[in-house]
Amino acid sequence: MSDNCLSAHLPGQGLMGVFLRQRVCVTDSVEDELEFALARHRPEGLEQLEAQTRFSRKELQILYRGFKNECPSGVVNEDTFKDIYSQFFPQGDASMYAHFLFNAFDSDHNGCVSFEDFVLGLSVLLRGSVQEKLNWAFNLYDINKDGYITKEEMLDIMRAIYDMMGKWTYPLLKEETPRQHVDIFFQKMDKNRDGVVTIDEFIDCCQNDENIMKSMQLFENVI
């Protein structure tokens, strides 16, 4: 066993921090390959994940060890996901936001997040282009996955974020604040006034509105 230990750090907080903010020993030996193979839910091979993501082999090993430590079966269900995520937001109620985030990571909608689901999403959020990150954000806001964002869907996400931040927001937010913010965003995004926002409208508006892009950082900070 090599004693080459790497510390993994990630900006922001939340679920990703649970898997990454720990000291993990990484080795290039066959032991890592065996750990992949012996997991109850076997992830794709290292080479395939390395090709599909923007992570190196060693980074994937670090991620996998952290993931396996929290989820020995190789998959995480929604209840476990909520428990892990809520550890980082004890001042508020993170359950609803974790629900939406879980659905965004659960790419095949089978009720669990595998290691592949996790690293594919993480790769986009950490190292994807602006377009890729906005595509991912659209998927988060599109709660029912019908290809459109309604004002109520956007409001549900915004309320969940404010509930999660809890009493630590400053200045203290009024109850109507989330709806006021959503009214402003939605009016800018829904250019043809048909009551829904398409992915093209969403991306175009975000890329061309500095204030909205700054507001989107709230989303990035709670991943």
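Backbone N, Cα and C define each Cβ position, glycine as well.
Taken from TrEMBL, the feature domain 'EF-hand' covers 93-128, 129-164, 177-212.
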What parts of the chain pack near the domain 'EF-hand' (177-212), using Cβ distances under 8 Å and only residues at least 6 beyond its ends? 130-131, 134-135, 137-138, 141, 147-151, 154-155, 158-159, 162
How many of the residues that make up the domain 'EF-hand' (129-164) does DSSP mark as helix, as strand and as coil? 26 helix, 2 strand, 8 coil
